[in-house]
Amino acid sequence: MSLSSVLSADAIDSALKDCQAPDSFNPRKFFQLCGLTKKSPQEVKNVFNILDNDASGFIEEEELKFFLQRFSAGARVLTDKETKAFLSAADDDSDGKIGVDEFQAMVLS
């Protein structure tokens, strides 16, 4: 499964263009622009599984750095500041990684 099976290519492009500049990434705005906030909980879970590169059941800080590149290979890497802010915003139990329930809560809230 690929992200384009859940989200439209145009919406992904729009979301990526909005955060091209370093330190301009806002996860909630990105999820709105790419259309993920309008998807079902199962579709959000499917996207989580695609983003969970090592299939550990969590999106760790190292995977978050390359978050945008999972949407488009040519996208930039998140800055350390963006990565830490994203992790902090989604990691409700403070275990240093984002689980599927935390990801769904962030996207759909």
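Every residue gets a Cβ built from N, Cα and C, even glycine.
Under the heading Ca(2+) 1 binding site, TrEMBL lists Asp52, Asp54, Ser56, Phe58, Glu63. Long-range Cβ proximity for Glu63 (Ca(2+) 1 binding site), meaning a same-chain Cβ under 8 A and a gap of 6 or more residues, is found for Leu51, Asp52, Asn53, Asp54.
The Cβ of Asp93 (Ca(2+) 2 binding site) lies under 8 Å from the Cβ of Gly99, Glu102, each on the same chain and at least six residues away in sequence. Look at TrEMBL and you will find Asp91, Asp93, Asp95, Lys97, Glu102 tagged as Ca(2+) 2 binding site.
Secondary structure of the domain 'EF-hand' (39-74) per DSSP, as helix, strand and coil residue counts: 21 helix, 3 strand, 12 coil. The domain 'EF-hand' annotation in TrEMBL covers 39-74 (among others).
As annotated by TrEMBL, domain 'EF-hand' applies to 78-109 (among others). Here the domain 'EF-hand' (78-109) has long-range neighbours at 22-23, 25, 27-28, 31, 36-37, 39, 41, 44-45, 47-49, 51, 57-61, 64-68, meaning same-chain residues at least 6 beyond its ends whose C-beta is under 8 angstroms from one of its own.
Within its own chain, the domain 'EF-hand' (39-74) is flanked in space by residues 1-3, 6-7, 12-13, 15-16, 19, 25, 83-84, 86-87, 96-100, 103-104, 107-108, which lie at least six positions past its ends and keep a Cβ under 8 Å from the stretch. Looking at Phe58 (Ca(2+) 1 binding site) and Lys97 (Ca(2+) 2 binding site), their Cα atoms lie 6 Å from each other.
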